[in-house]
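Enquirer: Let me give you the structure first, and then I'll get to my questions.
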């Protein structure tokens, strides 16, 4: 039981930070950062929704939002947005389910098998959330790296070259955290399923085996043969 509680709390810790990392990654502006810091007087970051330029001397930041979501955008940008938003939603639901399944939360306290199933559902949801998160983050990072490498190979210099930034790293870290917490809740919690079911079955057997004193008395069958004294006593009692 102690190991089960420990796994639940560790999984909750990873799920909390993984969900936060995914949400922060989706809505921050540094998926791409300029790689030529020594040649520039400003730091340029590109996110999924806007692009920001920060002056390295006074720290003033200026951000320009992209066009409407209905405008034409690169396929990389559109698909990364869709996958990261999907990962955010799934990770959020997985974390909420996990909170309901914790033994320390007073939700269905008399139904331990249902709480265990809630934890396993939360684990599956977190595992699924990690798939679009890691796919979007890695695809974006690889695409930036391939684009930069191709320009270097062909000796093309466009003035600004980018590498993937800390927002992309947050997306990958959050996705890996979802995989880790989901694995704890599904694979490891599965090992404690038989123990919890056995305890529940024992408790139900004890409740069924106990009966009030009145019930026991009514179930007692009197012997078929009675002595003469008992018959006379019964007749006198009826009179």
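Every residue, even glycine, has its Cβ placed from backbone N, Cα and C.
Unlike curated records, TrEMBL annotations are generated automatically.
According to TrEMBL, the protein has these features:
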TRANSMEM  7-27  transmembrane segment
TRANSMEM  82-102  transmembrane segment
TRANSMEM  114-142  transmembrane segment
TRANSMEM  169-192  transmembrane segment
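Give me the structural setting of these features: burial, nearby parts and distances.
Expert: Sequence-distant contacts of the transmembrane segment (82-102) (same chain, six or more residues past either end, CB-CB distance under 8 Å): 8-9, 11-12, 15-16, 18-19, 22-23, 25-26, 48, 115-116, 118-119, 121-123, 125-126, 128-133, 135-137, 171, 174-175, 178, 181-182, 185.
Same-chain residues lying 6 or more positions outside the transmembrane segment (114-142) and placing a CB less than 8 Å from one of its CB atoms are 8, 11, 15, 18, 22, 25, 31, 76, 79-80, 82-84, 86-87, 89-91, 93-95, 97-98, 100-103, 107-108, 164, 168, 171-172, 174-176, 178-179, 181-186, 189-190, 192-193, 196.
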